[in-house]
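Structure below; questions to follow.
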Amino acid sequence: MVTIRPDEISSIIRKQIKQYNQEVEVVNIGIVLQVGDGIARIHGLDEVMAGELVEFEDGTVGIALNLESNNVGAVLMGDGLMIQEGSSVRATGKIAQIPVSDAYSGRVVNALAQPIDGRGKITASESRSIESPAPGIISRRSVYEPLQTGLIAIDSMIPIGRGQRELIIGDRQTGKTAVATDTIINQKGQDVICVYVAIGQKASSVAQVVNIFQERGAMEYTIVVAETADSPATLQYLAPYTGAALAEYFMYKEQHTLIIYDDLSKQARAYRQMSLLLRRPPGREAYPGDVFYLHSRLLERAAKLSSQLGEGSMTALPIVETQAGDVSAYIPTNVISITDGQIFLSADLFNAGIRPAINVGISVSRVGSAAQIKAMKQVAGKLKLELAQFAELEAFAQFASDLDRATQNQLARGQRLRELLKQSQSAPLTVEEQIATIYAGANGYLDILEIVQVRKFLVQLREYLITNKPQFGEIIRSTRAFTEQAEALLKEAIQEHIELFLLREQK
C-alpha cells in the first residue's frame, strides 16, 4: 500500500504556487457581420486603430480602414474564401510592415515582400512600415546630380536628377514601360539600386520585363515588386508603398535608388474599387475624395537627402496611362501637379515610327539643367528650341507650295535632328556617345547625308570614336565638360568618318 506523506504534498503545492504566474492578456475580438468582394464588415472591434492589421480565424489578414459607429470596414489581403459570417476576428495591435535587407536585390516579391520567384526565402533582420512618413524639409537638399537614362531625347532636353519625381505619361502601347526599363538597364555600374513595381499588369508582361533585366545583367541590382491583374485590390493598392519602403531602406543607408511605379492609374482604380465597396462617398470620375493624398504621400517619399543624412537619394518615375491623349483627366492632372515634370509619349509619334515617342514640345523637367553635366548643357542647349521651331515650320510647310532656301535648309536640319533622337529598345547610350551624336546633328554635319543614312552613320561614328579616339570619352568622363580639346577630337573624328562613310555608300 502506497503511503502518502503530507510534507511531500505540501512542498509540491508550494512549488506550484511559486511557479504560478498571474498574467492578464487583453485581446480585442470582433465578429464578422458580412464578407465579400475583398471587404469584411466586423462588429465588436471597439479599440481598433485606423490602418491596424486584423487577423481572421482562417489566418487571412486584413486592414481596418473604415471605423464607423457600429462596425469596422476592413479590406482583405487575400481571397478570404474561408471566412464566414459569425467567425471571430482579432485586432493585432500592429500596422502593415515588411522585412527589409540587402538580400532583396535580384528578387521578385509580392506586396507583402514575400518572394514569388521560386528561389527560396529571403533572410531579413530589419523591418520597415509600408507607410513611412516622407523626409521633412530640413532632411532634404536640392537635386544636383544627373540620373542618366541612356535615352538622348530625355538626357539632353528633359534631364532627370537623383531625388527627382518625373512622370512618364501616355496612352497604352506607346512605350512607357520601355522608357522605364531602359533607364534601369542604364544604371548598370552606376551604384544605383532599382525597384520596379508592377501594379495590375498581366503576369506575362511582368515575366517579359524580368527576362529583359536578366538578359541585360540588370537583375543583380533590381528588385521587382509584382501584383498582377488577378491579385486582390488591397494588394494592388499596397504594392507601390512596399516598393517605396524597400527603396527607402537603401536610401537611408546612403545609397542611390530608382523606383518605377508601373502604373499609378491601376493603383488608383484598385483604391477606387476598395473605397466604393467600403461605401465611401464617390467624387470626380467615381474616385474617392482622398485619391490625391493616395499619390502625394507616395511620391513625396522620393527625395535627395541632406549631407547630415548621408546624401542618399530616391528617384521616382511614376507611370500614368491616359485615354486618347487626355491629360486633363483626374489622375493625370493630380500626378502632374505632384511631380517635378513629365515625359509625354504620343501615340501619333509612335505610329509614325519615332521611338521613343517622346513629344519634346510638351514634356518638361522642372529641375532642368541642375541635373545635367556641363558638357551636355554646352552641346544640347539649343536643341529643344530648334526642334520646336522645326515642328512649327513643318506644320506650316504642308500648306506652302514654294519655300525659300533658308526654310528648306531648316526643315532638312530638323528632319535629321528628329532622326538622331530615334533609339532602339534596350540600347541605352553613354553620355559621351550622346554628346557626339547631338554635336554631329546640331552643327550640320548630317545635312549632306540622306535621312535614311543618318542612323547608320551615327552608329558607325560612335564605334569609330571608341576605337580611334578613346581620349574623347576619357575627357568627357573626367572633366564632365566639353573642352576645346574634346571638340577638336570630335570634329576630326566626324570629318574622317564622313569621308569613309560616303566612299562606302557610293560603292
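Even glycines carry a Cβ here, placed using N, Cα and C.
As listed in Swiss-Prot for this protein:
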- Gly170, Asp171, Arg172, Gln173, Thr174, Gly175, Lys176, Thr177: ATP binding site (BINDING)
- Ser363: site 'Required for activity' (SITE)
Counting Cβ neighbours within 10 Å across all chains shown, tell me which of the binding-site residues Arg172, Lys176 comes out on top.
Lys176
Just name the winner among Gln173, Thr174, Thr177 (the binding-site residues) by count of other CB atoms within 10 A of its CB.
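Per the Cβ count within 10 Å, the most buried is Thr174.
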Any idea which of the recorded positions Gly170, Asp171, Gly175, Ser363 has the thinnest Cβ neighbourhood at 10 Å?
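Each of the recorded positions Gly170, Asp171, Gly175, Ser363 was scored by Cβ atoms within 10 Å; lowest is Asp171.
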Determine, from DSSP, whether Thr177 (ATP binding site) sits in helix, strand or coil.
helix
Applying the rule Cβ within 8 Å of the centroid of the Cβ atoms of Gly170, Asp171, Arg172, Gln173, Thr174, Gly175, Lys176, Thr177, what extra residues of the same chain belong around the ATP site?
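The surrounding set, listed in chain order, is Glu321, Leu345, Ala347, Phe350, Ala357.
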From the Cα of Ser363 (site 'Required for activity') across to the Cα of Gly175 (ATP binding site), what is the distance in angstrom?
15
